[in-house]
Amino acid sequence: MTQPFKQHLIDPEICIRCYTCEMTCPIGAIQHDDNNVVVDAESCNFCMDCIPVCPTGSIDEWRVVKTPYSLEEQFEWEELPEQQEMTDTAPEAEALDPAIAALLEEAHKGAGGKARAPESAAKPTINMYTIGKPATATVQGNYRLTDAGAETDTRHIILSLEGQTFPVLEGQTIGVIPPGVGADGNPHLPRLYSVSSPRDGERPNFGNVSLTVKREEHGVASNFICDLNPGDGVQVTGPFGATFLLPEDPDARLLMICTGTGSAPMRAFTMRRERTVGQKSGGMTMFFGARSPDTLPYFGPLKKLPESLLKTHMVFSRVEGQPREYVQDRMMAEEDAIAELLGDVKTYIYICGLRGMEEGVEKTLTNIAESIGTPWAALRDTMREEGRYHVETY
Ligand code: NAP
């Protein structure tokens, strides 16, 4: 009898095809085709390097098997298979090697882990357009969001998909394939961007989506996108992501915490709520960190929103003459308001932006939860189980 073992798998429904795991794997055990990103059971050595870098937790899937799922099988999946019952398996065979279990435990620390969609979220479409069969979008607009003299060049890009079926929900991402080939001679992989417009479009029913893109020095995709002109064609993949979604429940309260271009999905959430729920005091709170007002995407429009729609805390780290402030510092200063939100079962938390912010935000949430006698780790796990806690950081 073949000895059962735990096979490492990737959830194709949740994976956003950012390929970070594949680029991180030191032994090339992670591969992709046009459809999915998969782990080769023959070569995976359980080093766990891929676990903490995954922005969605889709990498963290395990099945006890006697015969591993082949690469070909995994490439075909639209969802993960259920765990098969193994009546003849000794219970210890299902346990991970203790050393591997310890590594996994370590990788699970912090804000990672398996996310769930809010119960009332709309059902997302995923992976409709792939590397082999992308959609062609046409650029409708490319507007600079940061001041002309500001050190960062962040752009609001509007893409038209009119005439094509491209159903996208707030919180989902799409891939943009830069033209040309990389240093290895292969075509560039798509780069992932959250949509910053709501599902019915940047302009309702005009079949368009918007993205928020910051120009990175030497960035292949970001420079390509930031230099686009109206009328240009762009190859796009997706949509991806099945958990970082908006609850349809109009009574849901959103606590959104973001840095820089991590504000993209928060803009989409805000616009969707504005169009469907309208103003509702206490319904949405956002902590948004940037270096300075002139580098904060959507600074002007955000300032104009009424508090009854969105209570905005804009937090700046590099304003001359002012001490550095990060989102987690302002959250601590707003301890009472956050404690009230944490105590409400209608609260949904969304964290998006720089990976480095996770630790500080976790610490602050720990302090605030514990000040009201609630252990944060337990509350966070319950919220995650209930689809009320979402992290997407890179
Ligand atoms: P950024 O301008 O580099 O940083 C934004 C702010 O975060 C700055 O004030 C920065 O402060 C602060 N910050 C740095 N370290 C922090 C920490 N440990 N805790 C809290 N705040 C911290 O941001 P960005 O370049 O726009 O990056 C946004 C991130 O979002 C990227 O990693 C991107 O991949 C990700 N993202 C983008 C999208 C999208 O659709 N474009 C979607 C999802 C996620 P200092 O620099 O002064 O230290």
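Note that Cβ sites are derived from N, Cα and C of the backbone, with glycine treated the same way.
Whatever TrEMBL says is automated annotation, not expert-curated.
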- Query: Which of Ser194, Ser197, Ser281 does TrEMBL put in the same NADP(+) site as Lys214, Thr261, Ser317, Arg318, Gly353, Leu354, Glu392?
  - Reply: Ser194
- Assigned element (helix, strand, coil) containing Arg318 (NADP(+) binding site), judged by DSSP: coil
- Query: Looking only at the domain '4Fe-4S ferredoxin-type' (6-35), what are its DSSP counts of helix, strand and coil residues?
  - Reply: 5 helix, 7 strand, 18 coil
- The number of other Cβ atoms within 10 Å of the Cβ of Lys214 (NADP(+) binding site), counted over all protein chains shown, is 18
- Message: With helix taken as DSSP H, G or I, strand as E or B and everything else coil, how many residues of the domain '4Fe-4S ferredoxin-type' (37-64) land in each class?
- Response: 4 helix, 7 strand, 17 coil
